[in-house]
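Undergrad: Here it is, the structure, as C-alpha cells.
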C-alpha cells in the first residue's frame, strides 16, 4: 500500500500555521522573536512528547496517564528545591530523583495496564486523573522545610507555584546559547532534547526495541515464541513514565516555575496531539514523529496567542488550542481502526 507523506492533522496544522504566519506578518510581529520562542517551546515540550514512544511501540496505547510520570518528576524537584540545590546540582538531582520515583510509579502503572489490556488508553486516562488527588494530599503534608515553598500562613502545605529562578531555572536554556543577530539558539536545551531522541532511536534498533514493535504487531505470535510479553510491556510503560519524569523537569526549568497540584492535569492531551500530528499511528511512533509534531503544535499555539490578541479577542487563542487539541485526538480515535485495517493489507 502506498503511504501518504502527510496525514490530515499535518495538513491542517501546516495550513493553519501558514494563515497565522501571514496574519503575524500583517500586524508587523517580529519573526526573529517568534523563532526564538518557537525553539524554546519545541525543546521544553519535546522530551515529554518523546516519552510517549515506548508505550505506543509496545502496543500499550497513547499514554493518557502521563500525569503519573510527571508527578514523579515534580517529587524530584520538590526535594531538590527543599535541599536548596542550585544550578546543575539542582537540575540533575531533580532529574535522577524524579526518575527513581518514576520507576516505582511506572511499575505500579504497568501492573494496572497489563491487567486491563485493550483498554489502556481509557484506563490510563482515569488512572492519571485519579493520581492527581493522591499527589495533592502528598503536597499538603510533604515534609518540606524550605519556607519559600510553603504557604506563608500556617507553614503547612506546598504552594501551588514555586519559583525556580533562585535554584535551577533556565539552566539548560542558558547553556551554550548561540546568537546570530537577534536570533538566540538555546543549543544546550536543544542538545538535551535531541540527545534524548537519539537514545530512543538507538534503543529501537536493539533486540528489546524490536521486540516492542513485534508485540504491537502480533502479541500472540511473540508469546508463542516464548517471550515474556507482560515483562516487555512493563519495561515499556516504566520507560515512558521515567522519560516523562525527566521531561517535566526540563519543562519546568525552562518555564522557571514549578507547578504543583493540578499542574500536570491536562499535559497529556497536548503531548498526544503533538505526536499524532507528527504522523504516529496507534502502534508505531518514531522520534521523527515526536520532533515534527511537537514543532508544528507548539509553533502554531505560539503564533495563535498574539494573533488572536491583535485581531480577535484574547480568549480566542485558548479556545483555538482546545479545539485543535481535542479535534486531533478525536481524529486519532475515529481513524484508528481504519489505519489498522490499511496496515494489515
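Counting begins at 1 with the first residue displayed.
Placement of Cβ uses the backbone N, Cα and C atoms for every residue, glycine included.
As annotated by TrEMBL, transmembrane segment applies to 42-60, 67-85, 91-110, 122-142, 183-203, 230-251, 263-280, 287-313, 319-335.
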Undergrad: With CB pairs under 8 Å as the measure, which of the listed stretches 42-60, 67-85, 91-110, 263-280, 287-313 comes out on top against the transmembrane segment (122-142)?
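TA: By the under-8 Å Cβ criterion, the transmembrane segment (122-142) pairs most with 67-85.
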Undergrad: Taking a Cβ cut-off under 8 Å, which residues six or more beyond the ends of the transmembrane segment (263-280) line up next to it in the same chain?
TA: 7, 9-10, 13, 45, 48-49, 51-53, 56, 62-67, 70-71, 74, 125, 128-129, 132, 160, 248, 286, 288-294, 296-298, 321, 324-326, 328-329, 331-332
Undergrad: Assess whether the transmembrane segment (67-85) lies in contact with the transmembrane segment (183-203), where contact requires at least three Cβ pairs under 8 Å among residues 6 or more apart in sequence.
TA: no
Undergrad: Under 8 Å between C-beta atoms and at least six residues away from its ends: which parts of the chain pack against the transmembrane segment (91-110)?
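TA: Long-range Cβ neighbours of the transmembrane segment (91-110): 65, 68-69, 71-77, 79-80, 83, 85, 124, 127, 168, 171-172, 233-234, 237-242, 244-246, 248-249, 253.
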Undergrad: Sort out the residues at least 6 away from either end of the transmembrane segment (287-313), same chain, that have Cβ-Cβ distances under 8 Å to it, and list them.
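TA: Beyond its ends, the transmembrane segment (287-313) has Cβ neighbours at 10, 13-14, 16-17, 20-21, 23-24, 27, 29, 34, 37-38, 41-42, 45-46, 49-50, 52-53, 197-198, 200-201, 204, 270, 273-280, 320-321, 324.
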